[in-house]
Amino acid sequence: MAAERGARRLLSTSSFWLCCLLLLGRPAPAAAARSGSPPQSPGSSIRTFTPFYFLVEPVDTLSVRGSSVILNCSAYSEPSPKIEWKKDGTFLNLVSDDRRQLLSDGSLFISSVVHSKHNKPDEGYYQCVATVESLGTIVSRTAKLTVAGLPRFASQPEPSSVYAGNSAILNCEVNVDMVPFVRWEQNRQPLLLDDRVIKLPSGTLVISNATEGDGGLYRCIVESSGPPKYSDEAELKVLPDPEFTSNLVFLKQPSSLVRVIGQSAVLPCVASGLPTPTIRWMKNEEALDTQSSEKLVLLAGGSLEISDVTEDDAGTYFCIADNGNETIEAQAEFTVQAQPEFLKQPTNTYAHESMDIVFECEVTGKPTPTVKWVKNGDMVIPSDYFKIVKEHNLQVLGLVKSDEGFYQCIAENDVGNAQAGAQLIILEHAPATTGPLPSAPRDVVASLVSTRFIKLTWRTPASDPHGDNLTYSVFYTKEGIARERVENTSRPGEMQVTIQNLMPATVYIFRVMAQNKHGSGESSAPLRVETQPEVQLPGPAPNIRAYAASPTSITVTWETPLSGNGEIQNYKLYYMEKGTDKEQDVDVSSHFHTINGLKKYTEYSFRVVAYNKHGPGVSTQDVAVRTLSDVPSAAPQNLSLEVRNSKSIVIHWQPPPPATQNGQITGYKIRYRKASRKSDVTETLVTGTQLSQLIEGLDRGTEYNFRVAALTVNGTGPATDWLSAETFESDLDETRVPEVPSSLHVRPLVTSIVVSWTPPENQNIVVRGYAIGYGIGSPHAQTIKVDYKQRYYTIENLDPSSHYVITLKAFNNVGEGIPLYESAVTRPHTDTSEVDLFVINAPYTPVPDPTPMMPPVGVQASILSHDTIRITWADNSLPKHQKITDSRYYTVRWKTNIPANTKYKNANATTLSYLVTGLKANTLYEFSVMVTKGRRSSTWSMTAHGTTFEFVPTSPPKDVTVVSKEGKPRTIIVNWQPPSEANGKITGYIIYYSTDVNAEIHDWVIEPVVGNRLTHQIQELTLDTPYYFKIQARNSKGMGPMSEAVQFRTPKADSSDKMPNDQASGSAGKGSRLPDLGSDYKPPMSGSNSPHGSPTSPLDSSMLLVIIVSVGVVTIVVVVVIAVFCTRRTTSHQKKKRAACKSVNGSHKYKGNSKDVKPPDLWIHHERLELKPIDKSPDPNPIMTDTPIPRNSQDITPVDNSMDSNIHQRRNSYRGHESEDSMSTLAGRRGMRPKMMMPFDSQPPQQSVRNTPSTDTMPASSSQTCCTDHQDPEGATSSSYLASSQEEDSGQSLPTAHVRPSHPLKSFAVPAVPPPGPPTYDPALPSTPLLSQQALNHHIHSVKTASIGTLGRSRPPMPVVVPSAPDVQETTRMLEDSESSYEPDELTKEMAHLEGLMKDLNAITTA
């Protein structure tokens, strides 16, 4: 066998294309051609499936000792099969057996059954086995041969008496297998049975309507193969009918009974008493009609016979005996079982070696059947390559030639068993078509090795360097195992595969083959890889299964782990209700356990962890199963009645609470009766999810009681309390709309208006309700509809001192009637009077204010789910039993305080509870109730509060962005925002990423994020590789939906190979937002994405030399030109300054570029200015922040302090391609960048370089003025930007900057206003503090830049707003305009004036 499998390992390289065709476009290797016409390929002869099946299978048989028995069996095949028999799993040797022989058709004949107390050679389980050489073997279902034992009486007849006309019973109970052989004798003569005298299935004799002829001696006889066995004789006396009455008693009560579909059942029930009783039956509270039914028959004495049992016959049966004086009742549970039946059978399958296949098998039955698999007559034992998946399906991994044959699925339960089979044919590979085949894939490596999976990558074959149309197959096997498996790539051109479900510390051999349209190419050299070792802990327990045993219990089974790593000490079974986060566990020492006390019709998940001496092992996968359904345990809710006319009433209700439905609600049962005749109940059945029903044919002016009960497939649940309504005395007209209400009165208060009205004068038209419209100046802003019984309504949440117009219309099913208008002005806040404001423009008769009712008390909010809360209350104005007998109704209102201006919602109820649905998850609501009766209403009750349960997030995280970490191209940072609908506290996130956006989600790599962090780093990614990212939020209830995939390509080269400028410009991934650089911008050559210096192909050395020389020459020329230009412009600025100073009061006009503007630095926003005490310093001119005015480099000294503030990172606009040395206030070049700070001394002293689309890069040493002209605009932004930044970042901590000036008036700017009170933080933004850095105080005259954009010396920190980086081109134009418009001396005077002003403000503050 090993030699054969080894010979099949290396598949023919020219024939694998047929395998790809068989996959039918599916990437999963388990795909295979199914039954039907076999796949055809040129030049190949494909075998067809051979019909091989049983014509007749043995059935369960009951026999007696000494009789003969035939167990039938016949199979069909060409050629004819060989038939053998197994008894109790062992083949019978029929050649030398003189009692048992094989008949010509394959049946088994037993001539004389042997059976005794100690020797039972023939009783047992028999199975027919059919075999065809070179084809395979199939086995039949198992049949049980039962041999009746010796008769034994469990009870015998006893002497008794019976009154004439009554019923009598005589017991004779024997062992079950002897019941068919029981007969009765009267006075030693055979007793003839008829409709009046019957024998129950248990053997008991029933005599109904007794007569004098029934008296005598009775005995029962058991006649089997041996001599008959007689019971004791008992005398039955028949007494004459007496004058008096006797109590009603059961002589025989029904007991619980189990039958199989198709059988007959008898539920015994015999009663005796005077007067003679009558028997009737009910099932699940429904009366059974035994007279007209063909299925149900009432036997003698009152027993019920059910023929041809079906699943619908199961339920609770009630036997009711009534003789006019009294009634007695007995009940019994009738259970119907079903033999296993196949819903889906295995199908014949074609496959190739190394493929994976799955035989499907889906069965049903009651109890739930167990399934086992047989191959060629032998039991399939689960292993690494034969696995049971999805409860019943058989998966065969890495096919080899010897796997051919017949596979059978055998299902079995307590009632019986059944089998279904299919044939597997292993095809030879077809020869390849003419054409070039690909060579072997190159550089096959294991890029990721874990304990249970390995990721392989490779390069295209040398014969096809592009490889866009190539597909690949990865063959792998355990070292030393001949069975090889295959995994295919999911799409053409993909050059990576992740092999899952491997064993730890195990050596695997891998090889890769490429395929093109002509066939499979060469195989790569074998690659030997060993998975990572795992701690010496048990592996997962295989074949974990769970099935519902009852509505409140589930049984879980499993097997011993394949890798136990020592003796398994015990198991821990974890289980959890779906939708909750509370997992429970129980210790188990065996391989099965039943969990009791579960909720009915609720889905639970289960998993098992094995324990050895080292601790807990690997958990199994979760298996989910739902408990069985049951009758509802609660009544429907919110029952209400609506009188339609004099003969009909509409009844409305809502389903029982979800936790009490115990299954799918299949309908509702409505019972109603006249209040005066409570015994005469009429029943109506409503199917489906209908929540209302019109009851017609009622009497006029009559009070009716109604109740509703919910139904499931299991039966009827409890009913609601009776609710009453009275039909109209006469029919009202609903062919037209109602007339106008007869009056409308309004009573304004400060924030509400009380509206009262009277109905239309014409009472003959139906009024269904009233519509109240209101609004400021117009009544159409809001509309509220109330019940037709209502006469008062309070419009709330109005504005004080406002003029409202109110309209009232009566409506019915035809439409709305004529409106009645009124207007009212709400009172001002200071008005506390109670003067009523009545109707305007209409005569009015004042209505006295009715005495208010007492408000409801004890209002409670019971949370039922994430969107449902039940409100209950008590009414002190009702009697103690809280029974509502009048026409009062209750109004429930509710709202949430988020947002603060949320309006109340209202609903009316006629009972003392109301179910509020459609609420938001994890939200606090407040509820109050008022009662209305006629014209009287109460105030609102005390408020009850309730917070709905949490629910899984219903929206994905937002704004997912991916950026590369500076200096670490293999590390990326993922940022996101919380989901809009979190439905609870977010406890974490899961980041999924993969290089294949179409891969199954379980193949993606998972990065968990604990807590509510909104940023995460992922390291050690592969360079120049596109990655896809998805994020999923998690709360205590579970996982929410995933975000859309975000793509990001990692850079092509490490940071050590690039200048910082290259990283910022050339390494932007697809997950980043790119800056707007203008249409004429061209990236620098060093920013190429190619690792070889060119995006397409390498440059030869001579061309590279020419480019370097040319760039150097151009750079020198540009530097000289700019230096000359800057020098001349400085001279021109001095001339313009002398001509521009015209005012001595600090108000100047500046002319430059034909623009009259004020320096943006000098705008003071007084409304934003907050006076702060300024620390006294020896320096007479303290500086508050950097100035955006250009300065010479000699005026600035480097930083000598550390940043102590925690700056909350935020997304900034990208600023284009800029140097690592450029100034960046929030390190915002890449959106949400990691915390970083560059020390000043780490940078060259002459390197303040600014790359912009309009300014060439040049060293600072060439011109001091130019150096300062090209400072980073983030560090030198006008106060207009300062103000906008204050508005955006008012909730964030502000950094401090300290600058030591060399001129007393050169660095004045508006101080930033810190936010009032403690700083608040937007929870949607992640908080990451910047690292503090120390810089030495070197007094050198050169400009240094830092990534935080602050310069100065050590001083007490002062708050300053850090602005967002403006657009590059816009900022550059702003700086150029500033340079060309202002002179240093002019600005000096202006700033001197403002400096004096600030000194005054400082003096006031310090005083």
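Yeah, the Cβs are placed from backbone N, Cα and C, and that goes for glycine too.
Annotated features in TrEMBL:
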{"type": "SIGNAL", "residues": "1-32", "note": "signal peptide"}
{"type": "DOMAIN", "residues": "51-146", "note": "domain 'Ig-like'"}
{"type": "DOMAIN", "residues": "151-237", "note": "domain 'Ig-like'"}
{"type": "DOMAIN", "residues": "242-335", "note": "domain 'Ig-like'"}
{"type": "DOMAIN", "residues": "340-425", "note": "domain 'Ig-like'"}
{"type": "DOMAIN", "residues": "440-534", "note": "domain 'Fibronectin type-III'"}
{"type": "DOMAIN", "residues": "540-630", "note": "domain 'Fibronectin type-III'"}
{"type": "DOMAIN", "residues": "635-730", "note": "domain 'Fibronectin type-III'"}
{"type": "DOMAIN", "residues": "740-830", "note": "domain 'Fibronectin type-III'"}
{"type": "DOMAIN", "residues": "855-951", "note": "domain 'Fibronectin type-III'"}
{"type": "DOMAIN", "residues": "956-1053", "note": "domain 'Fibronectin type-III'"}
{"type": "REGION", "residues": "1040-1097", "note": "region 'Disordered'"}
{"type": "COMPBIAS", "residues": "1051-1060", "note": "compositional bias 'Basic and acidic residues'"}
{"type": "COMPBIAS", "residues": "1086-1097", "note": "compositional bias 'Polar residues'"}
{"type": "TRANSMEM", "residues": "1103-1127", "note": "transmembrane segment"}
{"type": "REGION", "residues": "1132-1159", "note": "region 'Disordered'"}
{"type": "REGION", "residues": "1173-1325", "note": "region 'Disordered'"}
{"type": "COMPBIAS", "residues": "1190-1206", "note": "compositional bias 'Polar residues'"}
{"type": "COMPBIAS", "residues": "1243-1268", "note": "compositional bias 'Polar residues'"}
{"type": "COMPBIAS", "residues": "1276-1295", "note": "compositional bias 'Polar residues'"}
{"type": "COMPBIAS", "residues": "1312-1321", "note": "compositional bias 'Pro residues'"}
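Here the domain 'Fibronectin type-III' (740-830) has a mean pLDDT of 89 out of 100.
The domain 'Ig-like' (340-425) makes contact with the domain 'Fibronectin type-III' (440-534), as judged by at least three Cβ pairs under 8 Å among residues 6 or more apart in sequence. Of the two recorded stretches, the domain 'Fibronectin type-III' (855-951) lies close to the domain 'Fibronectin type-III' (635-730), with three or more CB pairs under 8 Å once pairs fewer than 6 apart in sequence are set aside. Using the rule of three or more Cβ pairs under 8 Å, pairs at least 6 apart in sequence, the domain 'Fibronectin type-III' (956-1053) is not in contact with the domain 'Ig-like' (51-146). Taking DSSP states H, G and I as helix and E and B as strand, the domain 'Fibronectin type-III' (635-730) has 4 helix, 55 strand, 37 coil.
Here the domain 'Fibronectin type-III' (440-534) is broken down by DSSP into helix, strand and coil counts: 0 helix, 49 strand, 46 coil. Here the domain 'Ig-like' (242-335) has, by DSSP, the following mix of helix, strand and coil residues: 6 helix, 50 strand, 38 coil. Within the domain 'Fibronectin type-III' (540-630), the DSSP-based counts of helix, strand and coil residues read 0 helix, 44 strand, 47 coil.
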